[in-house]
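TrEMBL lists B:107-187 with the feature domain 'Beta-ketoacyl-[acyl-carrier-protein] synthase III N-terminal'. Positions annotated as active site by TrEMBL: B:CYS113, B:HIS254, B:ASN284. The annotation domain 'Beta-ketoacyl-[acyl-carrier-protein] synthase III C-terminal' is assigned in TrEMBL to B:239-327. The feature region 'ACP-binding' is assigned by TrEMBL to B:255-259.
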Amino acid sequence: MREMTDEIARIMVDVFGVPPGRVGAATAFTELEADSLTLAELTLLLEQRYGVPVADGDLRPEHTVSDVAALLRDKGAAGGR
Amino acid sequence: MNGPTAVVAGLGATVPPHVLTNEMLAARLDTSDEWIRSRTGIRSRHTVAPGTATGDLAVTAGARALANAGMSTVDMVVVATATPDRLCPATAPEVASRLGLGPVPAFDVAAVCSGFVYALGVAAGAIAGRLAGSVLVIGADTFSTIVDPSDRTTVAIFGDGAGAVVLRAGVPGEVGGLLAFDLGSDGELADLIAIPAGGSRQRSTGPADPAAHYLAMRGRPVFVNAVRRMAASARAALAGTGWQAAALDWLVGHQANVRILHAVADGLGVPRERAVVNIDRVGNTSAASIPLALADAAAAGDLRAGDRVLLTAFGAGATWGSVTLTWPALPAVATF
């Protein structure tokens, strides 16, 4: 679980240009300066990375990084490769 | 298909002269150049003056493609459009007549932003089936005539234009040949991008709200579906050709949003610099977008004879489609 939250935080940092210190397990998307399409981009990246279907609308602005990790694990994603 | 192969013999494109910049939109709507550019990659788009119709742009693009091909006759005209001059009849017959092409079969293809790829597929089938030895395929749209001028989410995205190619019968393996198609649709997504009124469903249920005559679009699900479908369709066309994505010289995606184009390229493992992008100055021109992008890339000298090219699109319907081709040796293509 820890590994997965770390990796999702890293994806946010790398792909969306968020400062590294600003993303942790408890960080919600609403705290980041992400626009409405950022969640769409993250949906596609997570689906590709973890090989589980992520529906449009699964990720909500109020979700934290650890909420997203839990959601992916519920869908059967394995934590960290 | 065992019949003749469809080969690209000419290319032409046009946009109307009026330029609508982000600054002009920001002066009258709650938006900004930064807001539009960061979300879409668009800086400006061209829009028709009142009285100019899709067919007018289609005639100019068609004439340029015929001149580029050095041809004055074709056996068929196909116009891909979602903004026909009139609901009935189709736009293509009048375009064919205005181009002096005589009594050839002429019809519209309605697959919205995937329309140009669909029309190429129909035309290639007509050539392979020996229904036509040459086809003028035009993608033309004037979405400025159907967007709500006060809706910042659509008015900033769409622009007007037309692009055309001439296809002729050739032999398999010939440079310029269309190779493998993948076309598809999912009507369960029909409401994602739609004009609610103006068709038979609204007419049968009484008068509509005037706003129902404007285009409505749900941005986030469109984004997700566009990337998924374009990437999957592109993979299918590549597999049908026997090409690896890494071997592509150019990925020419429907110019819907630069972030969609980048996500598709990333998903396919194609470097972003191999993705043709001209959305910054034309916006999303629906069925015209792929031929406009091809004309821009050809005029810039980026597209060279023999290059391996993949066209891919997603649009309202939902529809999607991809086709692979090798780029032909064409006379210089004029910029527009």
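A Cβ is built for glycine as well, from the same backbone N, Cα and C atoms used for every other residue.
Feature annotations (TrEMBL) mapped to structure.
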residue: B:CYS113; record: active site; DSSP (3 states): helix
residue: B:HIS254; record: active site; DSSP (3 states): coil
residue: B:ASN284; record: active site; DSSP (3 states): strand
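Here the Cβ of B:HIS254 (active site) has 32 other Cβ atoms within 10 Å, regardless of which shown protein chain they belong to.
Each residue contributes its Cα atom, and for B:CYS113 (active site) and B:HIS254 (active site) these two points are 7 Å apart. Separating the Cα atoms of B:HIS254 (active site) and B:ASN284 (active site) is a whole-number distance of 8 Å. If you draw a 10 Å sphere around the CB of B:ASN284 (active site), it holds 25 other CB atoms from the protein chains shown.
Per DSSP, the secondary structure of the domain 'Beta-ketoacyl-[acyl-carrier-protein] synthase III N-terminal' (B:107-187) breaks down as 25 helix, 33 strand, 23 coil.
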